[in-house]
Amino acid sequence: MNTEQTSAVTLHAVSHHYGKTLALDNISLELPRGVTVGLIGPDGVGKSTLLSLIAGVKVLQNGSITVLGGDIEDKAARQDLACRIAFMPQGLGRNLYPTLSVYENIDFHARLFGLEIRERKQRIQRLLDATGLAPFPDRAAGKLSGGMKQKLSLCCALVHNPDLLILDEPTTGVDPLSRRQFWALVETLKQEIGGMTVIVATAYIEEAEHFEHLWAMDDGKLLVNSPTREVMRHYGAKSLEEAYIAMLPDEKRQGVGSLEMTPFVAAEGQPPAMEAHGLTKCFGNFTAVDNVSFTIQKGEIFGFLGSNGCGKSTTMKMLTGLIEASEGTAELLGKPVDAGAMDVRMRVGYMSQAFSLYEELSVRRNLELHARLYQMGEAEGRRAVREALQQFDLADVADTPPAALSLGMRQRLQLAAACLHRPEVLILDEPTSGVDPAARDMFWRHLLKLSREDRITIFVSTHFMNEAARCDRISFMHRGRVLAVGTPQELLKQQNVSDLEEAFIGYLLADEEAENQAVTMPSENLPSETAQIASDYLQAVPEKTFGSNQNKIIFSDGLPAQESRPSEKAAASGNSWLGGVWTFAAREAKELLRDKIRLFFAVLGPVILMAALSWSISFDVQNLRFAVFDQDQTTQSRELVEYFSGSPYFVELPQLQTRNDIDRVLKSAEAQLVIDIPSGFGVEMMRANRPEVGFYIDGSAPFNAENIKAYVGGILSLYTRDSLLATGLPVSLQPAADMEARFLYNQDFKSMYAVAPGIMMMVLMLIPAMMTAIGVVREREIGSIANLYASPATVSQYLVGKQLPYIVVGMVNYCVLFFMMIFWFQVPLKGSFAALTLGTVLMICVSTALGLLVSSFVRSQVAAIFVTAIITLVPTVNYSGFLYPISTMTGSAYWIGTLFPASWYLRISVGTFTKGLDFTGLYGEFAVLAVSAAVFLTAACLLLKKQEV
């Protein structure tokens, strides 16, 4: 039998490196079609890399991968496979667009895969009905709960009926009820589509117990590739977590065994370590924590259990004084929590969710720095560091940087730093997230010792139910509210269930029911999210059937899988190049219109720049202040001064009295010109001699100084001629030939006629480039660019689609700037409006293409802004001919000015406004701009890869 027909995925000797780090180490495996496989392992072992390679979104470095009979390394095969594979990346809603509605997100993905409009609407409605999202089609994805985001992400992945569904930790950080609903949905849709293979990476090992097949990984190696039940039988384990620990190498299983939690005994007569009464925290209109109250005894391990975004971290920060509460009070060690009080902070240890120590320092240096921060003495600090290295088994890696440590050891280092100053309260925010089970057990042994022997109060948040069972008391939290507080046994008894996940789900449903009863809803109002889903799935799909053939559910309007899946030919024809471009363009336009900050910057930014720069930049040198030191005080000297004061270029200051005043007014910039008329000036003029007059010019501004020098020369020539004519002597002042200078195009010699068109050029070069650069990099940061990697769309479709909305916005800017110049700055258009408009379209294409080029190699929005600003502003201002003519430049400056597109648009802008040019005089400029846009866009397409490296 042909293995390509029976195998969904085949890997042979696959390895992958990130620099010197080996992420995947010679992995070979084969997965049959139609099964559901669970991929387990702690963070950083290569799970996401493996799934990305199988999905074709990451470049294969070594080995070979065959997916659904196609070679993933072949570009043509990968393009065909994109229509048959669905990839849901790690993170809540990473393939979603927060500002788009539920319906718009699914519709966008359907258009990406070329579904026709009728088929698209039918599938979207079926998926909305299947997931319980039908009541919320117009709700923005960013306003959905974590569980609802994951269901929407699944709808987007399944809209084209894939043969292979790849899910990278889809339920991490989601509450237990939403997790159960999600897996019920996956199983239901898998049965409906028929023959679909599902690969799931999960952070919850207990979830993987319910899958047919198991892949287990550690340190980039594949530990097992077998049916799940066989694995558990082989290792004789009662749970998959026990089996996974048994798979690990011996060095990772040292000290692993059953962890006996000794009962907590509260000390009599001691006040509580922590108390919260009605704690509330609001961020604007959003309530992150809502009326939370609890009491924690000294030495107790108190667990905080809840989904991502439910308010756990915010509550912890309020208890430590890192942020202030909006309402309510909190007491820590018998004292009110004050965000500015340091005495209480010195008695508390805090371990953040993310690694918060210094990667550049070694383990020992991090601990020593921590000792100094907590004002421990030199000898005391050294002793504490030495004891911490021994207590937390870090002595062997004391001189190793944290980046070289395993995740478990990094967590131990953080715990050692938090405990270094011997705090009385230890607050741990999800300390074991991503850590393997063996390291988690070791971590909890340290916590148990700190609690029982050192009587340190421990407040820990977690996602893991087995960790919550180890706490003395736990609190279930959901949407900022505490649902229940008690010992694990008490909570199980109250819900009459056998495990904490069932108890949590019971409290979630009870809370939802209480909300529904408290609010009287009109019949046309929408039901709540949790209630909507719970009624659809909890009864329809029982637990622990993922990947089985039982309980098959077909929707009433469901179609057989063979009829509902589109052919590759149909998908290809629907996904024409222009259709793909329009898909990205329409989505980008919607996002831009709904992002008020970006829209404000895009529309009003050019207007503000145009007004500010046009008023501030002027080449008109007028209203120059001058002072006179007249030592002659005659009619002739006063007549000379009148020629200067009567000029439109000068403004006279009060006369100077001493020679020292000359230096004073020039140094203080009170005057830019001082006229020093010596005594005897009038007598010398009457004798027709050549008297000397001193003109002192402030040369600190060379441009002004040169103009003042020219003005002085012109005024003196006029004064001399008039003086000779006044004598009545028969002297002919007519030259042999008259030479009269006439300025073409700008007879009034107003700099505004040149400045305003130049500012328009600068604005249209800067703003569209920055907007497009930010638009692409933003997708890379939030992760939604994975939709490009995992879809049949091409890089050119993506980039041109991103470019089009900003070209439209740029033309809107052009129209506004044009009317500002005509009616506000009174700059008349003497040439062809059509030629100017065509040149502007080409210019905006150039600037947006340049922004796309920048976005193809930068990795953050801040970097995109700075890089784009530098490579657009510097050449535009200095080398485009705006301030200095290109003809006066030499060497590299000349070639930069000649090759940079802005200089060619400046000729169009100034030429049409001032010189009256039309199409016939601008063909060369149009051609250069068109070629520049094509070059920038082509370079961007080549640099932005369709796969991650």
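Using N, Cα and C of the backbone, Cβ positions are placed for all residues, glycine too.
Under the heading domain 'ABC transporter', TrEMBL lists 9-244 (among others).
The predicted model assigns the domain 'ABC transporter' (274-504) a mean pLDDT of 85. Residues or ranges marked as domain 'ABC transporter' by TrEMBL: 274-504 (among others).
The domain 'ABC transmembrane type-2' feature in TrEMBL is assigned to 709-947.
Under the heading transmembrane segment, TrEMBL lists 597-617 (among others). Within its own chain, the transmembrane segment (597-617) has Cβ neighbours under 8 Å at 751-752, 755-756, 759-760, 762-764, 766-767, 771, 774, 806, 809, 812-813, 816-817, 820, 824-825, counting only residues six or more beyond its boundaries.
With a threshold of 8 Å between CB atoms, the same-chain residues lying at least 6 positions outside the transmembrane segment (752-777) that come near it are 588, 592, 598, 601-602, 605-606, 609-610, 613-614, 617-619, 746, 785, 799, 802-803, 806-807, 809-810, 813-814, 817-818, 821, 825-827, 840, 843-844, 846-852, 854-856, 858-861, 863-865, 867-869, 872-873, 876-877, 880, 882, 901-902, 905-906, 909-910, 913-914, 944. Per TrEMBL, transmembrane segment is recorded for 752-777 (among others).
Within the chain, the transmembrane segment (806-827) has long-range Cβ neighbours (under 8 A, six or more residues past its boundaries) at 589, 592, 602-603, 606-607, 610-611, 614, 752-753, 756-757, 760, 763-764, 767-768, 771-772, 775, 836-837, 840-841, 844-845, 847-848, 851, 913. The transmembrane segment annotation in TrEMBL covers 806-827 (among others).
Sequence-distant contacts of the transmembrane segment (833-855), counting only residues of its own chain at least 6 positions beyond either end whose CB sits under 8 Å from a CB of the stretch, comprise 761, 764-777, 780, 799, 802-803, 806-807, 810-811, 814, 818, 864, 867-868, 871-872, 901-902, 905, 908-909, 912-913, 917-919, 922, 925-926, 929-930, 932-934, 936-937, 939-940, 943-944. Residues annotated as transmembrane segment in TrEMBL: 833-855 (among others).
What TrEMBL records for 862-884 (among others) is transmembrane segment.
Feature annotation from TrEMBL assigns transmembrane segment to 926-944 (among others). Same-chain neighbours of the transmembrane segment (926-944): 776, 795-796, 798-800, 803, 838-839, 842-843, 845-846, 849-850, 852-853, 855-857, 901, 904-905, 908, counting only residues six or more beyond its ends whose CB sits under 8 Å from a CB of the stretch.
Sequence-distant neighbours of the transmembrane segment (862-884) (same chain, 6+ residues past either end, Cβ-Cβ under 8 Å): 758, 761-762, 765-766, 769-770, 773-774, 777, 847, 850-851, 854-855, 893, 896-897, 900, 902-903, 906-907.
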